[in-house]
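Taken verbatim from TrEMBL:
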- 143, 144, 145, 150, 327, 377, 378, 379, 380, 381, 382, 395: NADP(+) binding site (BINDING)
- 145, 162, 163, 164, 165, 166, 167, 168, 177, 200: D-threo-isocitrate binding site (BINDING)
- 319, 342: Mn(2+) binding site (BINDING)
- 1-469: domain 'Isopropylmalate dehydrogenase-like' (DOMAIN)
- 207: site 'Critical for catalysis' (SITE)
- 279: site 'Critical for catalysis' (SITE)
């Protein structure tokens, strides 16, 4: 499955449902239906909304409202960076039905779709990260990391790197993933009565490693050559008697320090204790560096604030921490190295019921800059069904929460209580809608088993689900 497919399904639905009948004049952009001409790109301004990108679906790029329209619930004082993969069906409906009729927000728009990344030699990905640094808040859709098959399918110039990796390496910081709890969705770990947030260090380690296969006997060495011209250091890793595999990986003090600051600040925001897990008993230098830097930063910068909040910081071995997580009731932040966080966040999501009920926010070390996105992967099969004109039941909740977490943070930065309240209200409406019994197929399957669920008896399709959320949101906002 790939990110473009999930984006097509969810963001298109979101936009149509949230946007309503927004662009009623021809001054918005080069038009094809309600959207931007698919063959033309550029930057378009409409009522304070700046949109940079291209579209495939009619109406898929107009993600904003003109100031002064009736029904505006909140106004965002500063811009939000939007990082979509264009041609999104359900995601477009989401934004147009739930967000933009209620929020007056300026959007800086970047198309991270694979064709556009290829056309710009992936410069658009770099530009989007730099814009996020400038404006402090980004809402990102899922995106494709191409493999050999995608290179052939899209006739790409090369096999481009993961856009998430590119963005995270520029922004630094930590990816925090937290479950969205609905009372009627059963948990595989019933003792988890409170959320658990995993902070994943999204830099280096295995994800930037150099690995290789050897096909003969020989010696594997690591060499470090100082830039100042002093003597090189060499470590003999292994003498291969025959074929095998090897790997060299790294991390930096700067990145580990940023990881630590992000985690401590997030724990303070949540008012929860923080745990760091490593295997420093085995990787004494590598993992020991994580342990030492965290402790130094905690003692110097955060211990006083933690004591005031009556929360704590503690380092634990990864195996001990996994056991502790399973027998806990929740209510803590868990700082994980890159690979550990990748694995444990999916375990956490499934333990709480569904990967479709998981938020994901990249928090930068400055405590100000964030990028919110859905934590799940993609649903190619759903998109293929949509292409055939068949209805799908795709869960948009994680994408809705990407918007709400981004808007809530924008509200905090701007001291905008109306925007914060709107974001929190929409989140509550999503949970209440599921708890009332209206849900998509994946969630119904958690309750009844996928083999047993029936359309309109146990679950509804995506458009009907978003209609239900919109109706409930309108009631919560006093529109009905």
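Including glycine, each Cβ sits where the backbone N, Cα and C put it.
Owing to the predicted nature of the structure, the values given are computational and were not obtained by experimental measurement.
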Between 163, 165, which of the binding-site residues has its C-beta surrounded by the fewest other C-beta atoms within 10 Å?
165
For residue 342 (Mn(2+) binding site): intrachain residues, at least 6 apart, with Cβ closer than 8 Å:
200
143, 207, 319, 327 filtered to the recorded positions whose C-alpha is within 10 Å of residue 165 (D-threo-isocitrate binding site):
207
Could you please provide the mean pLDDT value for the domain 'Isopropylmalate dehydrogenase-like' (1-469)?
81
What is the maximum Cα to Cα distance, in Å and rounded to a whole number, among the residues 145, 162, 163, 164, 165, 166, 167, 168, 177, 200 annotated as binding D-threo-isocitrate?
20
Neighbours of residue 279 (site 'Critical for catalysis') among the binding-site residues 163, 167, 177 (Cα to Cα, within 10 Å):
none
Residue, out of the recorded positions 177, 279, 327, whose Cβ gathers the largest set of other Cβ atoms within 10 Å:
177
Of 163, 167, 177, 207, 319, which recorded positions are close to residue 145 (NADP(+) binding site), meaning a Cα within 10 Å of its Cα?
163
For residue 143 (NADP(+) binding site), what is the tally of other C-beta atoms lying within 10 angstroms of its C-beta?
24
Residue 163 (D-threo-isocitrate binding site) as reference: those recorded positions from 143, 207, 327 with C-alpha within 10 Å of it:
143
Which same-chain residues, if any, lie at least 6 apart from residue 319 (Mn(2+) binding site) yet have Cβ under 8 Å of it:
279
Round to the nearest Å and give the CA-to-CA distance linking residue 207 (site 'Critical for catalysis') with residue 143 (NADP(+) binding site).
17
What whole-number Å value do you get for the CA-CA distance of residue 177 (D-threo-isocitrate binding site) and residue 327 (NADP(+) binding site)?
19
For residue 177 (D-threo-isocitrate binding site), which of the three DSSP-derived states applies: helix, strand, or coil?
strand
